[in-house]
Amino acid sequence: MQTYRLFQQLKASSLNENSSVCPPNATICNGTSCVLPEDNFNKILNTVLSTVLTILLAMVMFSMGCNVVLKNFLSHIKRPWGIFVGFLCQFGIMPLTGFVLSLAFDVLPIQAVVVLIMGCCPGGTASNIIAYWVDGDMDLSISMTTCSTLLAMGMMPLCLFLYTKMWTAADSIVLPYDSIGISLVALVVPVSFGMYVNHKWPHKAKLILKIGSIAGAILIVLIAVVAGILYKGSWIISPKLWIIGTIFPAAGYSLGFLLARIAGLAWNRCRTVALETGMQNTQLCTTIVQLSFTPEQLELMFTFPLLYSIFQIAFALIILAGYRVYKRCQDKAKTDDVTTEEEAKSKSSSSHGAINGGFVSNETK
């Protein structure tokens, strides 16, 4: 009875926070937030697109593997300082940041839980694609994503137990270990094939990498568009979650970069760690939320993983654009320096020639 009353209070609080009206065909609607019923079109679209996106993602990760050198990859495993820094960021900074944001904005308990679930998720594969475009350490990026996904089997239950117990019972959250395992296999298998191709046919691997990096950029945009189509009826949520969804990934990128720099990592590895920290496996978060909560609870939290996904991509693209501008300025400065040196040498040789040209030998007099 006490749990029921608490839920009714949460529902009433949600009513006060929102003023929009749901569509008339919503399955869950209190005049504030809604979840539209799944029609046949959505089911078919979801199945088809999930299959296509899975195949595309495997191909992209195969191409990313073509940029990984087995020797360098194993060196990160043997001397895992970079991986350890990434581990601290992934399962230290992100859950703590989610906890602080939930307290700071005083969100509803059920909303705080979804923020914390997102913070406890391992890194997503999109970070590998962006890391390539910002000239990051691909060997470190792949090894960090692999290790964080593997360690999530134990670290996610531990982090959720520590951070969510003030809002909900830890055993009420269902962790889909099969989904984590599938994510791990979907990452390791294509990357392993890519590493083999890079070892046997390095010239072909470079061509595959260029094609795959472009396909990866398209895939990131496609996933965002598809998610918007499939979940178009679940966008009316608390403004506080919008703010957290904006701050959370930005904080992950910034704090990840800062910790990596304090740890003494090279600049390209700092960029890699930052991306691995801020980019979370939002698909896994969505799966956990759907398995763990009732439809009535989902109306208050369901869209947050999608919201986080959009903002993490948006900030990643801003980072990419900023790096490209910086790199272009650096290249231009180097070109100007080389040109200045060449001009100086040219002037020096010209003046030397002029002096020699004015010399008259005594033999010719």
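Keep in mind that glycine also has a Cβ here, set from the backbone N, Cα and C atoms.
Given the structure is predicted, the values throughout are model-derived calculations rather than measurements.
Annotated features in TrEMBL:
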{"type": "COMPBIAS", "residues": "334-346", "note": "compositional bias 'Basic and acidic residues'"}
{"type": "REGION", "residues": "334-365", "note": "region 'Disordered'"}
{"type": "TRANSMEM", "residues": "48-70", "note": "transmembrane segment"}
{"type": "TRANSMEM", "residues": "82-105", "note": "transmembrane segment"}
{"type": "TRANSMEM", "residues": "112-134", "note": "transmembrane segment"}
{"type": "TRANSMEM", "residues": "140-163", "note": "transmembrane segment"}
{"type": "TRANSMEM", "residues": "175-196", "note": "transmembrane segment"}
{"type": "TRANSMEM", "residues": "208-230", "note": "transmembrane segment"}
{"type": "TRANSMEM", "residues": "242-267", "note": "transmembrane segment"}
{"type": "TRANSMEM", "residues": "306-326", "note": "transmembrane segment"}
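By the Cβ criterion (under 8 Å, sequence separation of 6 or more), the transmembrane segment (306-326) is in contact with the transmembrane segment (112-134), since 3+ such pairs are found.
Long-range Cβ contacts of the transmembrane segment (140-163) within its own chain (Cβ-Cβ under 8 Å, at least 6 residues beyond either end) map to 64-65, 68, 73, 76-77, 80, 82-83, 86-87, 90-91, 95-96, 98-99, 116-117, 119-125, 127-128, 131-132, 170, 173, 175, 177, 180, 183-184, 187-188, 191, 269, 272-273, 275-276, 281. Residues 76, 111-112, 115-116, 118-120, 122-123, 137, 140, 143-144, 147-148, 151, 155, 159, 162-163, 240, 243-244, 247-248, 251-252, 255-256, 259-260, 263, 265, 269, 272-273, 276-277, 280 of the same chain sit 6 or more residues outside the transmembrane segment (82-105) yet have a Cβ under 8 Å from a Cβ within it. Below 8 angstroms of C-beta separation, residues 81-82, 85-86, 88-89, 93-94, 97-98, 101-102, 105, 107, 115, 118-119, 137, 273-280, 304, 307-308, 310-312, 315-316, 319 of the same chain, each at least six residues beyond the ends of the transmembrane segment (242-267), sit close to that stretch.
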